[in-house]
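Visitor: Below is the structure I would like to discuss, written out as structure tokens.
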Amino acid sequence: MFDERATIPKILSGDLRAFDLLVKQYERLVFHICFKLVNSNDDAQDICQEVFIKVFKSLKSFGYQSKLSTWIARIAYSTALNHIKKNKRDSFHQYPDDVENHHFTLTDPENELIKKDVNKYINYLITQLPHQYRMVLTLFHLEEFSYQEIEQVTSLPEGTIKSYLFRGRKLLKEKLEGYLKNEIS
Amino acid sequence: MKRHSEEEVQKLLFTALSTPSEEGLSMDFSTKLRNKLQEKLQYKNRLRFYGGWALIFVVAITILFFGLLLLDSAYDTHITNSIGEHKWLFIITFPLLFLIQYLDHITIKKNRFKEINPGKNK
């Protein structure tokens, strides 16, 4: 069992083995956040490394005011977001409210394989949503964060988080219904 | 053919949303990270070491200079005037000594790297 109160002082005194324990505990969370935001495994690996170096350097400023997971998730979110901004990959990030009018593209032959697996199909659709939706859906469903924790990570108001969750799920559900109908016919 | 109910669609969606993707961090992620952190810590320690010595050196030179000033005024020896005449010698010599020390350090580090990873430097 990972005990952050015992591990953090050890890391602060320069114990890299204690830091290894922290990495093992939170690497899944950090990777999910980075991967869902940048949609590239290679980029996500690099960003994860950057995130944990930032965590190591700024751990002394962690004051136990929030959960360590929330604090690390916030660093991961802002680092991955900076990466997106630098690379200008996400054309949606300024227009998250246009999501209802978004047309998903799933036409090339490679994507035909994705259509055969519901989970892959949904995950593929998620990659095409604006990053705010991707993040909220990932933190809520995959990492089981509460609304308050998502608010701390993303700085979005609770109402907006609930709205993104509702609209994102509605959109994905509509797409899934269409997918299942096509599968039957 | 079976038609999916609203509840089933919802369940499928929620299952998909809570299923992690197949991608993940590489097996040697924590090793690479630890090596990088060790490098950074070593660099920081080196910087602190050389910075400390540079500070001690500057303080020593300053004390020496003021000591000579006191000596000049007490015994009228004009040592500071002679130093002033050859100031470029001092200005160039001391940074040069530091540069030699730094180059020496880099050369030693490169040689050690060759010994550890002979294959990579071919």
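Yeah, the Cβs are placed from backbone N, Cα and C, and that goes for glycine too.
According to TrEMBL, the domain 'RNA polymerase sigma-70 region 2' annotation covers A:22-89. Residues or ranges marked as domain 'RNA polymerase sigma factor 70 region 4 type 2' by TrEMBL: A:124-172.
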Visitor: According to DSSP, how is the domain 'RNA polymerase sigma-70 region 2' (A:22-89) divided among helix, strand and coil residues?
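Guide: Summed over the domain 'RNA polymerase sigma-70 region 2' (A:22-89), the classes give 58 helix, 0 strand, 10 coil.
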Visitor: Across the domain 'RNA polymerase sigma factor 70 region 4 type 2' (A:124-172), what are the DSSP residue counts per state (helix, strand, coil)?
Guide: 39 helix, 0 strand, 10 coil
